[in-house]
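Here TrEMBL flags Asp13 as active site. Feature annotation from TrEMBL assigns Mg(2+) binding site to Asp13. The feature substrate binding site is assigned by TrEMBL to 14-18, Arg26, His30, 58-60, Trp62, Arg64, Arg176, 182-184. The active site, proton acceptor annotation in TrEMBL covers Asn61.
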Amino acid sequence: MKKVPNHVAIMMDGNGRWAVEKGKPRSAGHYAGMLAVRRTVEAAVQLGISNLTLYAFSSENWKRPKQEVDYIMHLPSIFYKTEIKALNKAGVRVEFFGDLQALPLKTLAVIKKTMQETIHNNTLILRIALNYGSKDEIINGIKELVQANSQGIQEYEELRQFFWTKEMPDVDVMIRTSGEQRLSNFLLMQAANARLVFIKAYWPDFERDMLSDAITNN
Ligand code: FPP
């Protein structure tokens, strides 16, 4: 039997198309996407994955219609209300990462609450990227590094200490749903050696078996 990867990252793509094909508003696709997050977290715990990272909102996603952006920014609050009990029961620690200071204050408050209330869990670390872009993370890290250490650095490991994701282990398997085969500025350095898995299904239709296949079939 193959070893379970330590860190699986997922680009949750296709919520909009899923909704449009069903004649529903795009927000219905994002809500269904949140339910898929719930199922995937449960599956990851069962499969023994220790680190699961999800791309929820990129720094480019602000260009979407305001109504859609507002809905996605409200999702962490729905997520908190509906999931916090189950997350704590399953031992899931939740961390949000990205340029968090630029988020609406209500969103920031609820993600902080979610992080604080799960901080002692250690079965699985669920990391959710919100307002994240890999190039932004690298530039921001370099700016901070220059301020902290004008002598410069020799190795990538030293630069990594200035990333929003400095605690995150490298990605072993990177999954993208909906048939798209692009990296879209997600964890470019952290996934430098990751195995890439592209799945045709839209994110709201993502199921346990797809995760299980992705981590076992090479
Ligand atoms: C990509 O599909 C998906 C998003 C931009 C939003 C993802 C958010 C969730 C799945 C919910 C996250 C849950 C929490 C807890 C914050 P798309 O809209 O780009 O789909 P399309 O390519 O078909 O238009």
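We count from 1, first residue shown onward.
Positions of Cβ are set from backbone N, Cα and C atoms, glycine also.
Calculated from their C-alpha atoms, the gap between His30 (substrate binding site) and Asn61 (active site, proton acceptor) amounts to 13 Å.
Listed in sequence order, the binding-site residues among Ser59, Trp62, Arg176, Leu183 whose CB lies under 6 angstroms from an atom of ligand 1 come out as none at all. Non-local neighbourhood of Trp18 (substrate binding site): Gly29, Ala32, Tyr202, Trp203, Pro204, Asp205, each in the same chain, at least six residues away, with C-beta under 8 Å from its C-beta. For the binding-site residues Gly14, Gly16, the ranking by surrounding Cβ atoms (within 10 Å, all protein chains) places Gly14 first. The recorded positions listed here (Ser59, Asn61, Trp62, Arg176, Leu183) include Arg176 as those with a Cα within 10 A of the Cα of the residue listed as 'active site'. A count of other CB atoms within 10 A of each Cβ picks out Ser59 as the most crowded of the recorded positions Ser59, Asn61. The binding-site residues recorded for this entry are Gly16, Arg176, Leu183, and the Cα of Gly16 lies nearest to that of Asn61 (active site, proton acceptor). Under DSSP, Gly14 (substrate binding site) is assigned to coil, being neither helix nor strand in the three-state scheme.
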